[in-house]
Amino acid sequence: MEEPEPPGAAAPPPGLRSLLPPRELLGSRKGQLLLAESVLSFIIFICYIASLATSFMMAPLLEFLLALFLFFAYASKLNEKFKGLYWPLMDFLRCVTAAIIYFAISIAAVSKYNDGASKAAGVFGFIATIVFAIDFYITFNDLVTFLKQGSSDSPEGRKSEDEDSDSDSD
């Protein structure tokens, strides 16, 4: 049996727990979508490796790596640290291109190849197309809100700057 630690004892180092994403990201819609995109892209990548349609394996690999990068970027709050990058736009473009590419290669894999792994990759590709489409719809709404905030701030900022320059020239 473990003895309870005295109240003044230091907490043990986090160890591997520090590599896990925070719970608020896993509980958020964006975190769940990025996790689903990563898992689906990895499954599709494995299916294409095992199939006759190995020429399609690069697209799921790149999408897996991009989704994994964005998942850990959001988990480590890089989007708050690097304000110079337009994170919603980057995420929107990633989702749109992924949905289009997955739709195209899934049609080709299902119609052209007869092996089971290609068919499985095609089915998972259609599911991934739906997941990426949901993500780009949600991201598009966030992007529109983001751009409206930027455009509503700009005229007010210019107006106050113009008033200041007018008063300085007097």
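Each residue, glycine too, has its Cβ placed from N, Cα and C.
Record features (TrEMBL):
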type: DOMAIN; residues: 25-144; note: domain 'MARVEL'
type: REGION; residues: 150-170; note: region 'Disordered'
type: TRANSMEM; residues: 33-51; note: transmembrane segment
type: TRANSMEM; residues: 87-109; note: transmembrane segment
type: TRANSMEM; residues: 121-140; note: transmembrane segment
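Outside the transmembrane segment (33-51), and at least 6 residues removed from its termini, the chain residues within Cβ reach (under 8 Å) are 26, 57, 60-61, 63-64, 67-68, 70-71, 74, 98, 102, 109, 113, 115-118, 120-121, 124-125, 127-128, 131-132, 134-135, 138.
According to DSSP, the domain 'MARVEL' (25-144) comprises 105 helix, 0 strand, 15 coil. Taken as a whole, the domain 'MARVEL' (25-144) shows an average pLDDT of 89 in this prediction.
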